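For reference, TrEMBL has these:
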type     : residues : note
REGION   : 1-29     : region 'Disordered'
COMPBIAS : 1-13     : compositional bias 'Low complexity'
TRANSMEM : 69-91    : transmembrane segment
TRANSMEM : 103-123  : transmembrane segment
REGION   : 134-170  : region 'Disordered'
COMPBIAS : 138-152  : compositional bias 'Gly residues'
COMPBIAS : 157-166  : compositional bias 'Acidic residues'
TRANSMEM : 182-200  : transmembrane segment
TRANSMEM : 212-230  : transmembrane segment
TRANSMEM : 237-257  : transmembrane segment
REGION   : 279-304  : region 'Disordered'
DOMAIN   : 314-355  : domain 'RING-type'
Amino acid sequence: MEEEASTASASAEPLLRPSRGSPEQAARPSRLAAIVGGAAGRRGPSMLVREAAALQLEERRAEWAYSRVVVTLDVAWNMAFAVAAAAVLAVTVRERPTTPLRIWIAGYALQCAIHVALVLAEYRRRRTATERRRLEEGGGVAGGRAGEGSGAAEGENSGEDEEEEAGAAGARRSSFSKRCESINTMASILWWLIGFYWVVSGGEALVQNAPRLYWLTVVFLAFDVCFAIFCVALACVIGIALCCCLPCIIAILYAVVGQEGASDADISILPRYRYAEPSENGQKTSDEGVMIPIPDSTGTSRRQRILPREDAECCICLTPYEDGVEIHAFPCNHHFHSTCIVKWLRINAICPLCKYNILKGTDA
C-alpha cells in the first residue's frame, strides 16, 4: 500500500527529489537525524522534513558546543576535576584502600586531560577553517576584479582545486578527532563500570581505610551518572518534539539563531496560493482540492493547481490543509503552510524536502 502511494505521488510531482549533497554527507547522517528517521512512523515527506530539522539542530549544537564560552567552561571543568584528583592523590598517601582506587582516580584524571586536548584541537581546527573561509571570500572578490584578463578562468579553477583540497584535509582531521573522542567516551564508560565495581566491592572497609579516596570516587561516579541522564533526557525531549511539535522547534531555532536564511524580500518571491475544496451545500463534491493563486505585489498571477486529497497536508505541522488557508509553493513543486515555511526559510533558505535553495535557484 505504501509503495503504491509513493509511486503515484512521484508520478504526479517530484515530492521526494534527492539531495545533491556530497557522498560523504549522504553516507554519514547525524545520529539525531537517524534516530528521528527510524522512530517516526510517518509518511515519507514528513520524515524528510524532520530529518532536515534534526540536521539543522545538529549543526547549531556543534556551533554552540565549540563556541568560546562553552569550550572555556568545558576545559575549566575538566581541568578542575584533574587538579582535584591530583591533589587528593597527593594528600592521601597514607590511606590504604582495599581496592585500587588510586589507579581509578589517576585514570579518570587522565581521561579528563585527553578530553581537554581533543576539545582544544577541534576548537582550533574550526577557528582556522572559519578564518580560511573568510580570507577566501575576501580574496575571491579581489581576484575576480583583478582577473578579468585571459587568466581569469585558470585562476578560478586553481582556486577551486585548492579549496577542495583544504576542505578534504579539514574533513579528515575532523573525522580523526571525532574518532578519538568516541574512543575516549567508550573508555570512559568502561572505566566508570570498573570504578563502580571497585567502590561496591570495597564495602565498609573502604570507607574506614580510605575515606577521602572513597568519597572522591563517589563524587566522580555520581557526576557522570547525572550528566548521562541529562543528555539522554534532552535527546528524548528533542526527538519527541521533532516528531510531534516541529513548528515549536522551528520557532525556537529562529528565536535563538536569528535571521540567517532568506529575507522577507526573498520569501515574497515565492508563489502564494489559497487552498479551496469544491463543495455544494456544505458537502465536499471532489476528492481533490484547488490551489488558487494569490496575485503578488506586481499583479502577476499564476495558474490554478489541482491537489489530490492525500497530498493536501503540510509536512511540517502534519495538519491537512483547510479551506481558505494560505500556502507557499516552491519551484520544486513542494508546498507548505505559509506560517510554517516562513519561519523555516528565515533560518535556512532551502526547501526542507529536496534542499532546493530559493536564493541560488538550485539544489543545495
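Every residue gets a Cβ built from N, Cα and C, even glycine.
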### Query
Residues of the same chain, at least six outside the transmembrane segment (182-200), with any C-beta under 8 angstroms of its C-beta?
99-101, 104, 107-108, 111, 114-115, 118, 206, 214, 217-218, 220-221, 224
### Summary
Other same-chain positions with a Cβ less than 8 Å from the transmembrane segment (69-91) and lying at least 6 residues past its termini are 102, 105-106, 108-109, 112-113, 115-116, 119-120, 123, 212-213, 216, 220
### Task
Pop the mean pLDDT for the domain 'RING-type' (314-355) in here, whole number is fine.
84
